[in-house]
Every structure is written in C-alpha cells, then in structure tokens.
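Here's the structure we're looking at; comments come further down.
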C-alpha cells in the first residue's frame with residue numbers, strides 16, 4: 001500500500017519512480033480476489049483509494065465499485081476528482097500511463113464527470129484512459145436518457161424535469177439493463193406520439209460512437225447522419241455521454257483548420273489570424289521552410305552533376321523553372337484532392353492501388369495535353385530537339401507528380417502521420433529533384449550528349 | 001397583356017424576345033394602380049397571371065396579393081408552381097432575369113414552397129429572386145412558428161400537432177403582426193417552463209439570416225452561435241423558412257471541398273473521388289495547369305533576358321530551383337493561412353493593410369532565418385559572393401512571397417473572385433518570375449556584372 005505522503009514525495013522525486021510504484025501496486029492488487037481488493041481499498045485514505053481504484057482493470061473495477069459501501073462509492077468519486085489524484089496521473093509520461101489505465105467503468109465515469117465544468121472536465125480526463133483527441137474527451141457527460149419500459153408521457157415528464165441540467169433533450173438514448181444503449185428516441189417523436197406508447201416502440205436503432213474513437217470520426221458520423229447528437233458508449237455499449245452536433249461542428253472546424261494549414265506547409269495557429277503574434281506566425285512556418293530548403297539543396301546537387309550537359313545545351317536551363325513549376329502544380333493538385341478525400345472519408349488507405357492507378361492515367365493525360373499545347377511554342381524558341389525533350393519530360397513529370405502526390409499522403413496516413421503534413425510543398429520539393437533528373441536524363445538520350 | 005400562346009411562341013423564338021416582352025408587361029403594370037392590376041390579373045389565364053404577378057415589385061405584389069379573391073390567390077400559387085411559368089423565367093439569361101424579379105412577398109413565397117420536395121423546390125427557386133448559393137435557396141419552407149400571445153402550453157400543443165410536417169420543432173420563431181420575427185424560443189425552454197407563461201417571456205432575441213444572404217455566411221452564423229436552426233427572413237424581417245444545422249454542415253462541407261480543391265489549383269469534383277471518371281479528374285485540373293504553364297513561360301523570358309549574366313557566373317543557375325521553390329513555399333503558406341482565415345471569418349477584406357503589414361514582417365524574419373541557416377553551406381559550394389547574392393535574394397523573395405501570397409487572395413475577394421482560386425499554385429508561379437528578376441538584379445549589383 002502506498003501512503004499519501006509517499007505518493008507526494010515520489011511525485012517530487014521523478015515520474016519514473018511514480019510509474020514503478022504504481023505498477024507495483026497494480027501487481028499487488030492483481031493477486032487479490034475482489035473482496036480482498038474491496039477490503040484493501042476500505043483501509044486506505046480517500047486519495048490513495050482513488051489512485052488504487054484507477055489501477056484496476058475495467059472488469060475488476062466494475063465488480064469492486066458495485067461491492068463498495070455506497071458512502072465509500074461517493075468518497076471514491078470525490079477522490080478521483082481531487083487535484084492530487086488527477087495530477088499524479090497527468091504527470092506520468094503518456095507511455096507510462098497507457099498500460100496502467102484501462103477504460104473507467106461507465107457508471108463510474110459518468111458520475112465522475114457530471115457536474116464538472118468543461119475546464120474541470122478537461123483537467124480530469126487524464127484519468128479516464130481515453131486517448132487525446134478522442135470522442136470521450138469531447139463528449140458531455142450530462143446526458144438525458146430514459147429506460148426501456150417507460151411510456152412516452154413518462155419520458156416527456158422526465159425530460160421536463162431534467163431539461164435544464166443536461167446537454168440536450170432532443171436526442172434521448174434508451175437504456176436497457178446495465179446502462180446499455182438499446183436505441184435512441186427523438187423528443188419530436190415522443191411529442192407527436194400517443195402518450196401511452198412505450199419508448200421501445202418509438203425508438204430507432206442507435207448510431208453510437210465509442211469513447212475511444214477519434215473525435216474527427218465521431219464528428220463525421222454526426223454530420224453524415226444529420227444527427228442532433230449521438231450517444232457515446234464504452235466497449236460494452238454502456239452509455240457514457242453524448243456528442244452533439246455543436247461538438248461535431250467545432251471538431252470539424254478545428255480539423256479543417258489543421259488540414260488547411262498543413263496543406264500549405266505550416267502548423268495550425270489555433271487562434272484567429274489577426275490575434276496571433278508575428279513571432280508565432282514565423283514559428284508556425286519556419287520549420288517546414290527549413291526542411292524544404294534543405295531538401296531543395298538536392299536540386300543543386302542534381303544540376304552540378306549534369307553540369308556538362310547543361311554547358312553543352314544552354315537552352316535546357318531556360319526551361320527548368322517552367323518544368324519543375326508544372327510538376328509541382330500537378331503534384332499539389334493530386335495531393336490536395338487525396339488529402340481532402342481522406343478527410344471526408346471518401347478514400348481510405350486501403351484504396352491505395354486504385355488511387356495510384358487513377359492518378360497514373362490522369363497524370364499521363366494531363367502531361368500529354370500540356371506537352372502538345374504548351375511545348376510547340378517552346379520548339380519555336382529553342383529548336384525541335386529541345387522541344388521534344390521538353391514534351392517528353394512534361395509527360396513523365398506530370399505522371400510522376402500526380403502519382404507521388406496522391407500516394408505519399410495515403411502512405412503517411414497508413415503509418416500514422418497526418419497526411420496533410422506531407423502535402424503540397426513537400427511534394428513540390430520532391431518533384432523538383434526527380435523532375436530535374438528526368439529532364440537531364442531524357443536530354444542525354446534524345447540529344448545524344 | 002400577353003396570351004399564353006404568345007408566351008410559348010416567343011419562348012421558342014429566343015430568350016431575348018421573352019425578356020423584352022416581359023419588360024413591356026412590367027412597364028404597363030407599373031402605370032396602373034393596385035385595383036387596376038388586380039383587375040388585369042383577374043382577366044388573365046392561370047399561367048399568364050402567374051407570370052404577370054411575378055413581374056410586380058415586392059411592395060406592389062404584397063398589396064395585389066392581399067386584394068385578390070382567395071380563390072384566385074390559390075390559383076396564383078398553383079400558376080407559380082406550374083412548369084411553364086418556372087421554365088419561362090429559367091430560360092432567361094440571369095442578366096435579363098435579375099432586373100425583372102424582385103424578392104417575392106414572404107406570405108406568397110412560403111405558400112409557394114411548402115409541400116414541395118427538395119427537387120421540386122430547387123426547380124422552383126428560379127422564380128424566387130434569391131441569388132444562387134443564397135440561404136433562401138437552401139432553407140426549408142416548412143417551418144414551425146408560434147404567434148406572440150400564445151402560452152407555453154398552447155405552443156407545445158401546436159408543435160405536437162404539426163411536429164411531423166415541419167423541418168424542426170426544436171427552434172421555434174415567434175411571430176408578431178405581419179409574419180415579423182420577434183424572437184425565437186427553444187422547445188427545451190417551452191418544456192421546462194410554467195405552462196401558462198406567454199412565449200414572449202420565454203423567447204430570446206432571434207439571430208436571423210436574410211434569404212438573399214450567402215449560404216456560407218448563414219452556415220457560419222449557425223456554427224458560430226451553436227444554433228440548432230435560425231429563421232430565414234426577407235428584407236422586412238418576415239419569416240420565410242428555417243435554416244438548420246444540417247443545412248449548415250452540408251454547406252460548410254461543400255465550401256471546404258471547394259476551397260480545398262482550389263487551394264491545390266483544381267476545380268472541386270463535387271462527388272466522392274473514387275466515383276469520379278478520370279476524364280473529369282483531368283478536366284478539373286487541366287485548365288489551371290495550362291494557365292500556370294503559360295504564366296511560367298515568363299520565367300523563360302526572364303532567363304533569356306539575363307542570359308549574359310548567367311553565362312558569366314554559371315554558378316547562379318545552380319540555385320534557381322532552390323530559390324524559386326523557397327519563394328513558392330513561403331507564398332503558399334501565407335496564401336493558405338489567409339484563405340482559411342477569410343473562410344472562417346477571422347479576416348475580412350478591409351483588414352488588408354494590417355495583414356500586409358504582418359506578412360511583410362513575417363516574410364522578412366523568415367527570409368532572414370533561412371538566409372543565415374541555409375545559405376552558409378552555399379557559400380562553401382559557390383564562393384562568398386554568390387552566397388551573399390543568394391542570402392539577400394532569399395530575404396527579398398520571402399518578404400515578397402508572403403506579402404503577395406496574403407494580399408492577392410484578399411484583393412480577389414474584394415473584387416468578387418473566390419480567393420482560393422488565386423492561391424498556392426497561382427502565387428508560386430507569380431513568385432517564380434519575380435524571384436528570378438530579383439535574383440539576377442541583385443547578382444548584377446553585388447557581383448558587378
């Protein structure tokens with residue numbers, strides 16, 4: 001058993017020690033049966049009890065909580081809410097924290113969160129075991145629900161009573177035994193129906209989101225279904241809270257901000273543009289510019305390598321900016337299209353082969369069109385041979401650019417990087433280098449230099 | 001007076017004739033007083049009457065409609081719904097149509113639209129005088145409302161009766177005399193309040209949108225206020241319909257799709273990526289690529305013009321792709337930031353001077369940082385003087401790129417072009433040309449060539 005003083009001292013000592021200490025306590029409890037754990041918790045101080053309880057795996061936590069004396073249940077909740085408890089877990093490395101914290105049981109989580117302000121809730125979520133950016137972090141725990149067996153009239157009466165204290169009364173989860181969500185019924189349906197109808201006959205199948213789901217996915221569910229709100233549940237489909245269309249709109253706006261900034265090669269500002277200090281504008285952009293300028297030094301290397309060819313046919317140099325600009329633009333188009341298609345859920349990483357197939361064809365057709373239309377004038381300026389080199393290179397560069405532009409964001413997503421990060425500027429820079437290599441290689445073959 | 005046959009014949013003859021004929025009828029009615037117009041309409045066929053009525057200015061139309069025999073009012077609505085009427089106006093040039101069609105009076109518009117399916121409604125909106133992409137085109141005319149003086153209990157009863165036939169009963173406009181919106185009351189408020197309270201005591205100030213407002217603006221109003229729905233009104237604040245959070249989410253998604261595509265230099269696909277034929281992918285991108293490649297030929301011109309300098313110091317050529325790539329990236333960052341800030345309403349076109357001021361400073365700082373960090377290695381490769389030219393050019397190009405990148409979308413918006421169109425690729429291409437001019441000019445001065 002850890003004493004409160006010990007917890008505090010160790011918190012001062014370093015987070016690694018905390019983590020080891022907590023893991024030891026977790027192991028010790030794992031060796032006890034449920035009555036043994038209940039007994040152990042009963043002899044602890046309020047804050048220690050909260051810490052120990054939080055280390056139980058979910059199934060065990062449900063049993064222990066139900067066996068606890070109701071007075072101790074209340075004290076446990078207040079212990080979980082205590083700043084010291086929350087802080088202890090917050091200060092652990094996320095890597096240390098993840099194996100310690102299983103999902104909280106639904107009954108405990110909703111009691112823990114309800115009545116807290118949004119800020120207090122944010123502060124408490126370190127305890128919940130829901131990942132950052134998950135629906136569980138964003139949901140409202142103040143949720144109106146009715147139980148199966150209730151009539152429409154009773155349900156309306158209940159909503160009238162609690163209406164001021166819950167997030168919304170327009171979408172109402174219907175719960176069966178053990179807080180399990182069996183369906184949802186809209187307030188509109190309750191109002192227009194015969195008052196004696198049981199809610200089971202009025203409810204429709206519930207579209208729910210898991211508390212551990214990504215908040216963007218939850219928001220898309222709300223948007224695509226046109227819901228006012230969807231219930232948030234745990235792994236056993238027990239009600240934890242509600243995720244409303246307001247939440248969804250705010251999440252989608254934030255995600256769009258992020259995508260938009262990253263597509264442009266900057267970090268999101270997360271604040272209105274005019275209120276951001278200039279230093280922060282610079283910070284949001286400088287890293288990518290540095291990365292890209294370092295990557296661009298490859299183009300210097302490529303040109304040095306082909307210096308002999310350049311010296312022989314100086315006209316080749318004239319078209320370099322045009323060529324790499326076109327490649328960059330074709331790559332940007334493909335990248336933004338695919339990033340957006342993934343953001344709205346039209347394309348998933350497993351569609352990679354299909355997308356690449358489409359983009360190879362698209363790039364080839366675009367390159368062909370540009371080659372014919374744009375390059376004839378070039379022949380007039382620089383002669384037939386250089387014109388031919390240019391036409392061939394445009395076709396190759398466009399095909400390469402659209403393919404790479406579409407594939408890289410998809411591969412990024414698959415390996416867990418935000419696809420928007422590796423978008424337009426990244427791809428332009430990549431295409432600059434490969435485009436130059438193609439250009440000089442084609443020139444060598446066609447011009448025989 | 002135009003006979004139906006005449007209308008049809010003229011529709012066959014050409015749209016210009018229709019427009020002239022309608023303008024003549026409009027002038028003729030303008031010379032009559034209200035009873036004169038009522039009399040004239042009374043003697044027309046159903047379809048002619050609808051056409052003639054639609055040509056009245058709004059104030060006059062209100063008076064005429066109120067003076068019409070109720071049976072004729074009904075026939076007028078069915079005449080306005082008739083395909084022949086709608087088609088006549090649809091086939092006119094928008095330029096011809098605009099001066100002919102004033103906003104329809106609220107009482108007529110809501111009767112005209114209610115009961116129509118979304119498709120029928122889209123088809124009828126040619127008649128309404130609301131611009132394309134306006135809130136009026138997107139609103140639902142089936143709107144639940146209550147009148148001032150109603151009690152909460154009566155309002156609930158009414159909502160229970162009409163609940164199945166309206167778009168939403170969760171946000172209810174409260175109407176005073178003449179359909180004017182005096183406030184809105186939420187169903188939740190009605191439910192939790194004392195049943196005898198008059199709705200005036202429960203309603204809050206209404207945030208409304210005009211039917212002629214841009215739909216994106218309406219959607220932002222809903223999102224930013226966290227509303228379930230907002231009433232849509234005409235110029236005199238009379239209720240026309242309701243714009244719900246569903247509508248808002250759909251509008252915002254479509255606008256984001258459009259912005260995202262255009263920022264990448266393509267036209268929006270308006271369909272899921274994988275379902276779009278490749279020919280359409282090509283079409284969505286080819287126009288911009290052609291425009292940009294033609295613009296990029298300027299870079300060829302610039303390099304030809306400075307050919308003498310390039311021949312003297314061949315090392316200059318090595319850094320061209322790096323330099324214009326960096327300029328393009330800095331410009332893209334600024335452009336996407338500003339396009340997004342305008343899309344979410346953080347920046348308005350009147351902020352141009354402030355934004356430009358911020359971006360000049362930002363670009364200068366970015367250029368300075370890149371100049372110091374990225375260019376020292378260049379000195380090692382190409383010598384002190386070329387390194388100095390490069391450092392100075394990077395500072396100038398970054399400052400120019402961020403300034404132009406931020407300013408052009410704002411100027412575009414002010415003159416009515418979608419700012420996303422003139423974004424990243426457009427600005428990269430612009431910066432390519434100006435960047436080259438700066439580079440060679442600085443080289444001439446520093447290297448004395």
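Backbone N, Cα and C atoms are what each Cβ position is placed from, and that goes for glycine too.
Feature annotations, courtesy of TrEMBL:
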DOMAIN    B:202-258  domain 'CBS'
TRANSMEM  B:286-306  transmembrane segment
TRANSMEM  B:312-339  transmembrane segment
TRANSMEM  B:360-380  transmembrane segment
TRANSMEM  B:386-408  transmembrane segment
TRANSMEM  B:420-442  transmembrane segment
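In this model, the domain 'CBS' (B:202-258) carries an average pLDDT of 89.
Counting same-chain residues at least six beyond the ends of the transmembrane segment (B:420-442), those with a Cβ under 8 angstroms from any Cβ of the stretch are 258-265, 288, 292, 295-296, 298-299, 302-303, 306, 309-310, 316, 319-320, 323-324, 327-328, 330-332, 334-336, 339, 343, 389, 392-393, 396-397, 400-401, 404-405, 408-409, 412. For the domain 'CBS' (B:202-258), DSSP puts the residue distribution at 26 helix, 16 strand, 15 coil. Residues 313, 315-316, 319, 323-324, 326-328, 330-335, 337-338, 352, 355-356, 358-360, 362-364, 366-368, 370-372, 374-376, 378-380, 422, 426-427, 430-431, 434-435, 438-439, 442-443, 446-447 of the same chain lie 6+ residues outside the transmembrane segment (B:386-408) yet bring a C-beta within less than 8 angstroms of a C-beta in it.
Within its own chain, the transmembrane segment (B:286-306) has Cβ neighbours under 8 Å at 265-267, 324, 425-426, 429-430, 432-433, 436-437, 440, counting only residues six or more beyond its boundaries.
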